[in-house]
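Q: First the structure, then my questions, so here it is.
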């Protein structure tokens, strides 16, 4: 049975080259290119033989990172290669132990595993200082590779369990976003500490060697430098980790094979009792709509993506300050968040998709709809704009400019909201449908999307330009402009906001069925 | 035949004007004329079936009558209120279940029905009380705290129907209310609709299933290619035949199957 699975995987591997000539050539070029990189990496690892103390730090660290990468990979690339998903074998009545072993061995035959095997083979050279060290290195390399693949298979089984429920899909989509968004600032911060790299490395390397993902890689290093007892201990610990993972993987396979449908089905939609937010907002038409939208913010990943993105984005302004010591960019944190929050409401209605008919059927009044739709966003703005304004002024060391910063922020938010009130009923464009991934771009409507986004952002900038101009004067040390910036910002922002609600409300009253017709077409 | 099909047409009611009166209603989508200036009266207190083949214009007509789709021509009156000139009053009297449109499915069943009530201007107390009663009547009591997105198709239809009923409309307009609904739920829904009619309300529903319309409706209109081909009481329209036979006569098109000999297993 194991042989069958391995043969299946080999067939799948061979089929990479059988699609079309162009794809085959592309695949070969890719394999040659990455193959060369892999061989270079293996040689680099092997040359560490000449500096064993360094090797003892870097190899376990690299190995530990490798295992972690294999564990994370199935989360990011989930669903791209489901050919060896245990649930697919449910109908074949294969004993689960054999299936579990076979799937891991088949996993070793994938291109990523082969690449890793080549790099790991480099460590055999690194540790070949004595017979005992070489033997331990051989065991460690094999066990390390198996640990990678087994962990990856187990995580992917867990992920497929989670993904088979709606909640799981939502959570995974959001986790993916956080990873992607967090990467930028994370790397920038890591880069800024690069000068301390040299001094931290020894500690990091030593610690990594004593973590469960590092034991197996550190064992031959200990033996190579003569600490045979420590080495054997870590070898046993590392093999124990592999055995534990193997058991977990076996159990996951058993669960999926014996009960493929129950997986992830139970336990959904618990914990919503009574009216929730609908029972807590004011008992009016506006209150009801605001409560519905706030509830959606809690439950719909399409809103949550925005909710997570908005607070994180101003942090990017820290990058120039950390990297190059430029300090004026942080002053823009408040205005940026204000602009983003106001502007991002310009397509609010489209997110409801055709469920909008309920509002049309009920004859909802435009004014009520316009105001209610902004309530959750306003709450967000009231919290985040002051916080970022103050934090920006503080980091930038320019508390004297705070009134101007607040003025520009209020102007941008107010103008953005005002424009959004009108734009969301005049120019709705297609967005991912409820239940679709927040990252899909719906086909069609690219032109409408671009136009609406441009009008909303340029319009906000143009309408707020008097306040922006005053703020610039303040920045250029025309001190008289400080308080006029604050005052005009509040007046302009408030004024355009009120006007937007009125005009948008009127258009809504007249055009609601046309908006619905547009949403039905999308 | 069940007893419901024996309901007499609501005699005398027409004097006060029909529940829904449609005059010259038309809609075109590009080159396609979806509804071609139709006239239609739905008597008060009737259980009115709108039947027609796919693409006949049923959904388009019902959308224009309920204020969801603006007609290109003509008027639609609901209990003497023009849907497009006096939408506030007309919409208050209407309860609708559209076909093919989404609902706010990230709300729980209880939240959705309550929300529908609040949108219609009910107080929270009244809306919650009615929502709870409706969900119980429709057998959704156990599912009321689940998100509607996790409901089955039939449960979704039922919760949408509850949302249409919560504000106590006088006229119900239901597009394909029995599609994807299991027989038990269908019986429940029929019971609720029959009660609604016997209490003086009017129900308009569209359906593909002639047999069902023949059994439960008092009146029927046959729509094809955007035109009303026949309308009246069920007995008038079917004129001695079964409704299905009459429908095929009216709509035309051959029911003789030509070709496809390979489908017949006896051919080899």
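Glycine is treated like the rest: Cβ placed from N, Cα and C.
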Q: Among A:171-191, A:192-212, where does TrEMBL put the label transmembrane segment?
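A: Residues A:171-191 are the ones TrEMBL records as transmembrane segment.
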Q: Thinking of Cβ pairs under 8 Å, which stretch from A:99-121, A:305-324, A:330-350 has the most of them with the transmembrane segment (A:231-249)?
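A: Going through each listed stretch, the top one turns out to be A:99-121.
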Q: Between the transmembrane segment (A:330-350) and the transmembrane segment (A:450-476), are there three or more CB pairs that fall under 8 A, provided the residues in each pair are separated by 6 or more in sequence?
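A: The answer is yes, given that the two segments have at least 3 Cβ pairs within the 8 Å cut-off.
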Q: Within the same chain, where does the transmembrane segment (A:371-395) have neighbours whose Cβ lies under 8 angstroms from its own Cβ atoms, ignoring anything closer than 6 residues to its ends? I mean 6 or more beyond.
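A: Hits for the transmembrane segment (A:371-395): 285-290, 293-294, 297, 307, 310-311, 314, 317-318, 321, 327, 330-338, 341-342, 344-345, 348-349, 401-402, 405-406, 409-410, 413, 417, 420-421, 424, 501.
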Q: Ranking A:24-45, A:57-78, A:305-324, A:330-350 by the number of C-beta pairs under 8 Å to the transmembrane segment (A:99-121), which range is first?
A: A:24-45
